[in-house]
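Visitor: Sharing a structure, written as structure tokens. Questions coming.
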Amino acid sequence: MKFLVILVLLGAAVAFEDDDKIVGGFTCAKNAVPYQVSLNAGYHFCGGSLINSQWVVSAAHCYKSRIQVRLGEHNIALNEGTEQFIDSQKVIKHPNYNSRNLDNDIMLIKLSTTARLSANIQSVPLPSACASAGTNCLISGWGNTLSSGTNYPDLLQCLNAPILTDSQCSNSYPGEITKNMFCAGFLAGGKDSCQGDSGGPVVCNGQLQGVVSWGYGCAQRNYPGVYTKVCNFVTWIQSTISSN
């Protein structure tokens, strides 16, 4: 889910979303993204990433006090026999999360019971270092697949996209990019995360480098997706887990 802010300007409604979904991607192979989770409140509302058997990383803008975490999902409309549904025990937003500019848009969810890891449910490692521009990453989610209009898929969608340079990112969003954000995708448009993908993973070289956070529309030219820079939060993640 990308964060959606509606700006009404001269009678035109412009979507500035922080709710991400995949546009221009492809259906992931079944259970090929075993760390991907669906956050559910009677409906899918955000994605997340399993980082160990009892903790999930998502976006702070996805916060709800009670969340059911659905693991091992591929088709979220069917029970395929690989799923585990586990309620949250704790939901912890970053203490410096800013809902206005989406700085520090990261959140931890402690599961009420430990997930049983399997071929279909696996954790993803935290980054050992920040990823450089040009690194190709896998972005995934059940978010909207249309840049204009809505189509929410049942099957998990994947997108391969490169990390953009800091200058490309800041030029696309002047004054809006903090040190805790990076851009990934294609300045030409056509491929992006979108509403419903928010909180989900950006995995580069097998490590969780990003969390789907926000963007101006989806897959629009010169407006790439913006992601939380997980490498800046490894210490916070580790200390929060150890103290909870």
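Note that Cβ sites are derived from N, Cα and C of the backbone, with glycine treated the same way.
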Visitor: Say which of Cys169, Cys183, Cys218 is recorded by Swiss-Prot as the disulfide partner for Cys194.
Guide: Cys218
Visitor: Swiss-Prot annotation: Cys183 disulfide-bonded to which of Cys169, Cys204?
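Guide: Between Cys183 and one of Cys169, Cys204, Swiss-Prot records a disulfide, namely with Cys169.
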Visitor: Have a look at Swiss-Prot and say which candidate in Cys62, Cys130, Cys137 forms the disulphide with Cys204.
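Guide: Swiss-Prot says the disulfide from Cys204 goes to Cys137.
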Visitor: Cys62, Cys130: which one closes the disulfide with Cys231 in Swiss-Prot?
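Guide: Disulfide pairing in Swiss-Prot: Cys231 with Cys130.
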Visitor: Take the Cβ of Cys231 (disulfide bond) and count every other Cβ within 10 Å, whichever protein chain it belongs to.
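Guide: Result for Cys231 (disulfide bond): 17 neighbouring Cβ atoms inside 10 Å.
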Visitor: Out of Glu73, Glu83, Asp105, Asp192, which of the recorded positions is least crowded by other Cβ atoms within 10 Å?
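Guide: Sparsest of the recorded positions Glu73, Glu83, Asp105, Asp192 by Cβ contacts within 10 Å: Glu83.
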Visitor: For each of the recorded positions (Asn75, Ser198), count the other CB atoms lying within 10 A of its CB, then report the residue with the highest count.
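Guide: Of Asn75, Ser198, the one with the most crowded Cβ is Ser198.
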